[in-house]
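To start, the structure under review is shown below, and the notes come after it.
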Amino acid sequence: MGIKIGHASFDERVEKGIDNLFMRQAVSSAQERLKLAKAKAEEELGDWQEWRTLAEEIRSHTLDNLDYYLEQLSDNVSKNGGYVYFAQTAEEANVYIKEIAMKQQAKKIIKSKSMVTEEIGMNQALESIGCEVIESDLGEYILQIDDHDPPSHIVAPALHKNKEQIRETFKEKKGYSKSANPQELTLFAREQLRKEFLQADIGITGCNFAVAESGSITLVTNEGNARLATTIPKTQITVMGMERIVPTWEELDILVSMLCRSAVGQKLTSYVTGLTSTKEAGDVDGPEEFHLVIVDNGRSNILGTEFQAALHCIRCAACINVCPIYRHVGGHSYGSIYPGPIGAVLTPLLEGYDDHEELPYASSLCAACTDACPVKIPLHELLIKHRRVIAEQEKRTPLSESLAMKGFGLVASQPNLFKMGTKGAPYVLSPLTKDGSIKKGPGPLKGWTDIRDLPAAKKERFRDWFKTRGKGNIHHDSTTRDLSQ
């Protein structure tokens, strides 16, 4: 699939999202539910801000010493009997994974939820050599059989679908004949997937966090599918972004606590799995061969820059769950497998601005995302930095907008010009004004007036209003008098 999803323009995607009433209602309901659950989990933990600071320090320290911890991880995985491959690009990662599949003569591959495998387009790469890849996460499974519909949320990929739509998908693709009852739908999916686990030649997982000190990988799930993917197939492949690492189990304990509470409002998910070695003598299950693929794919270019904090992300989607923009347009509007505020920051860093220059502007800069982030990523500040890069370094600002801003800057910096401008604006704009508002504006105003009215400029300037009403006619209470003395 890759990071980019679809070929529609940003405006087309947003319009489609706004027109999808069900999606907007589903997102709104989910945001409210998750926000309340997270708040309760924070309160139960206590000292939430101190926990956030500690989590931020862990992520910052790890990234500042990433080369050391990756080397330690690699050495320990090798000591445990596994193989490690560092992939600089998505293509390199896919070539290595395909080589393993061909060597094992794999026909069927079972896979647990993984954002980085979506990012590198791994499924499509394996399908190109004749492998059948089965998604075992329920949400991802629904999307896969629905003609590879892309995910719209980092944690809940099928958030944009309702139970009736899922029933129709199961009926059309898998012969389902029962109701749209969620329990019946889940049991049906379970029956379908269980046989896939038993027949799989290779199991592939993502990695929530790798533990450098022991060479372990950890998986945090609520469905248990990842455990089956790592115990039944004889060969296991784990794919991880190079930043998804912690120094020790002690730091893991803290970050998993933050991840579960921030993602779904739970103290702990149903399954937290740590895997360290291949199957040993006497073991009844587990892989006989283990491969860890560590993916760069642009991450090293972010290290040491003003955007490095974006790599602190632990993929909890807390920022998405409070974002007012995501609430109204949904995940697909971002045109990336990484939606929401973190997607608007991360996607241009990994893919460039050519297809994603609108994303940093898909924000009200309300900072709700920054306040929600369990590792204190200053998301709204990073979005502003992106805008500055787009305007000053990339020179991508539309000419009309650039000229308008330069013109305003010139006028605003010259008191006499500003006075003339505010005095003349109502008369200049009067041909466009009707019933106290501008309904169709020219140039830079067009984007605004295409979807909302712009209040007309008043003929009485604020300075004139203040001269006649401000000084002598505004009541000053004791507080005001004290402050003015």
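In case you wondered, yes, glycine gets a Cβ from its N, Cα and C as well.
Binding of [4Fe-4S] cluster 1 is attributed by Swiss-Prot to CYS313, CYS316, CYS319, and within the candidate set CYS366, CYS373 the record adds CYS373 to that site.
Other than CYS313, CYS316, CYS319, CYS373, the residues of this chain whose Cβ falls within 8 Å of the Cβ centroid of the [4Fe-4S] cluster 1 site are, in sequence order, SER262, ILE314, ARG315, ALA317, ALA318, ILE320, PRO341, ILE342, CYS369, ALA372, PRO374, VAL375, ILE377, LEU379.
Nearest to CYS323 ([4Fe-4S] cluster 2 binding site) in space, judged by Cα atoms and limited to the binding-site residues CYS313, CYS316, CYS373, is CYS373.
On its own chain, CYS366 ([4Fe-4S] cluster 2 binding site) has PRO324, HIS380 as residues at least 6 apart in sequence with a Cβ closer than 8 Å to its own Cβ. Taking the Cα atom of each, CYS313 ([4Fe-4S] cluster 1 binding site) and CYS369 ([4Fe-4S] cluster 2 binding site) are about 12 angstrom apart. Annotated pair CYS319 ([4Fe-4S] cluster 1 binding site) and CYS369 ([4Fe-4S] cluster 2 binding site), C-alpha to C-alpha distance, rounded: 4 Å. Annotation for CYS316 ([4Fe-4S] cluster 1 binding site): spatial neighbours ILE154, VAL155, MET258, LEU259, SER262, ALA263, PRO374, criterion Cβ-Cβ under 8 Å with sequence separation of six or more. On the 0 to 100 pLDDT scale, the domain '4Fe-4S ferredoxin-type 1' (304-334) averages 97 in this prediction.
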